[in-house]
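As recorded in Swiss-Prot:
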- Lys106: active site, schiff-base intermediate with D-ribose 5-phosphate (ACT_SITE)
- Asp49, Gly178, Gly239, Gly260, Ser261: D-ribose 5-phosphate binding site (BINDING)
- Arg190: D-glyceraldehyde 3-phosphate binding site (BINDING)
Amino acid sequence: MATDGTGVVTVYGSGTNGAALLEPSNHKSATFSVKVGLAQMLRGGVIMDVVTPEQARIAEEAGACAVMALERVPADIRAQGGVARMSDPGLIRDIKRAVTIPVMAKARIGHFVEAQILEAIGVDYVDESEVLTLADDAHHINKHNFRVPFVCGCRDLGEALRRIREGAAMIRTKGEAGTGNVVEAVRHVRSVMGDIRALRNMDDDEVFSYAKRIAAPYDLVMQTKQLGRLPVVQFAAGGVATPADAALMMQLGCDGVFVGSGIFKSGDPARRARAIVQAVTHYSDPKILAEVSSGLGEAMVGINLSDPKVERFAARSE
């Protein structure tokens with residue numbers, strides 16, 4: 001993990017190289033730096049999906065750094081099918097009133113009006129999410145048009161840098177939400193980290209052709225090479241169901257973890273939530289991980305992703 005020596009990730013756009021992201025508008029560049037800084041405040045934390053104010057309070061008491069307000073967790077979206085849209089603003093307001101930690105909410109990819117509504121009701125972060133049904137299969141939201149920070153998913157370095165160019169202040173792996181199966185999240189993290197390791201060994205001439213090959217902006221590719229990491233915080237998401245899963249993602253180099261269906265589809269949600277928070281905090285200590293993993297009851301029932309009938313949410317956009 002590249003830091004400034006104090007354990008803090010370098011904020012993209014805060015230096016002369018970073019200013020290239022949003023040229024020629026210095027105002028936009030400053031605004032983006034603020035949004036990246038807000039996302040960076042969640043580093044080292046766990047963000048939990050909740051569907052009621054009571055679940056939100058359980059998440060806060062367990063030590064979550066933020067909650068994601070939803071009408072249905074991803075496991076229910078998979079099971080029930082149909083069109084998945086932005087949650088009812090009234091529900092989001094109720095969840096906001098119930099907790100003191102930041103509240104996120106999801107908008108459909110490309111649906112900038114849903115994002116406008118979420119910003120208007122005061123959510124702290126918007127997740128432009130492939131878990132919801134696509135609204136636009138050709139365009140993502142121009143996130144620079146908003147004051148609220150955005151979270152976006154990725155499967156590889158090129159996808160991550162394209163979302164950052166659009167204004168994403170936080171990147172998460174897509175994984176396969178609602179499955180309780182961490183294999184795709186691991187694949188996506190390893191892909192991003194492997195691409196960055198390869199990039200660091202390239203000379204500057206090679207970076208031009210590499211940026212074209214992965215369809216990513218050259219300036220962002222070069223900055224990623226210099227930092228040795230993404231220019232924004234990177235969280236793991238999609239299939240994280242146990243404390244061991246969460247610690248695995250942290251050891252692979254993530255800055256934090258999203259946990260969706262894995263908590264409130266388990267046998268003892270409050271205890272599992274506390275255990276996952278502890279696992280993220282102490283991810284490199286196997287003794288603590290063994291202790292917090294004990295006596296949690298049944299984990300959520302997972303889905304075998306080798307089954308070709310399983311819908312792949314992660315493939316919904318690039």
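Glycine too: its Cβ is placed from the backbone N, Cα and C atoms.
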Asp49 (D-ribose 5-phosphate binding site) to the residue listed as 'D-glyceraldehyde 3-phosphate binding site': how many Å between their Cα atoms?
24
Integer Cα-Cα distance in angstrom, Gly239 (D-ribose 5-phosphate binding site) to the residue listed as 'active site, schiff-base intermediate with D-ribose 5-phosphate':
17
Ser261 (D-ribose 5-phosphate binding site) to Lys106 (active site, schiff-base intermediate with D-ribose 5-phosphate) - Cα separation in whole Å:
15
According to DSSP, folded down to helix, strand and coil, what is Asp49 (D-ribose 5-phosphate binding site)?
strand
Look at the recorded positions Lys106, Arg190 and tell me which residue has the greatest number of other C-beta atoms within 10 angstroms of its C-beta.
Lys106
Round to the nearest Å and give the CA-to-CA distance linking Gly260 (D-ribose 5-phosphate binding site) with the residue listed as 'D-glyceraldehyde 3-phosphate binding site'.
21
Fewest other C-beta atoms within 10 angstroms, as judged across Gly260, Ser261, which are the binding-site residues:
Ser261
